Each structure stands twice: as structure tokens, then as C-alpha cells.
Amino acid sequence: SGHLLLLLGLLTLWAELTPVSGAAKYCKLPLRIGPCKRKIPSFYYKWKAKQCLPFDYSGCGGNANRFKTIEECRRTCVG
């Protein structure tokens, strides 16, 4: 019972940390800050440079290539 619980916990952790197969699709999207006026510190993945870079998100619009932290960007797009 204890081993089964440990295995279940490890599988859950693995599932949470493994990037989704569709992630690369939106990592290739161009930077879109959106049309609104706010300046929310965010990160996007620059496909050609193969790196996560900072930008100020406007608060609306944009696309899925937008992350709250550089760690989230790297985990999703860099691997």
C-alpha cells in the first residue's frame, strides 16, 4: 500500500513536470503585447534565438506565447 502510494505520487509529479506535446506550437508564436494599456511584466519564447525574453504584456489580447515567470517559459519551451 505504501509503495503504491509512492508510485502514484511520483507519476503525478512526472505528469505535472512533463511539458505538454502541444507546447512547442505556441512557443513558436510571435510576440504579441496586445492592444490594452497595462504593463504586466511577462516573458515570451523567441523561437529563432531559442531563449525566453522579458516583455510588458498590455493586459488583453496577445497570444499563448506569454508566461508569468522565466522559469515557466523555460520549462514549457526550452525543455
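Every residue, even glycine, has its Cβ placed from backbone N, Cα and C.
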Per Swiss-Prot, which of C27, C36, C73 is disulfide-bonded to C52?
C73
With K28 (site 'Important for binding to potassium channels') as the reference Cα, tell me which of the recorded positions C36, K48, C52, C73 is the closest one.
K48
What is the total of other Cβ atoms whose distance to the Cβ of C60 (disulfide bond) is within 10 Å?
11
When the Cα-Cα distance from W47 (site 'Important for binding to potassium channels') is computed for each of the disulfide-bonded residues C27, C36, C77, which gives the smallest value?
C27
Considering Cα atoms only, can you say which of K25, C36, K48 is the nearest neighbour of C77 (disulfide bond) among these recorded positions?
K25
Of all the recorded sites given, K25, K28, K48, which has the fewest Cβ neighbours within 10 Å once its own Cβ is left out?
K48
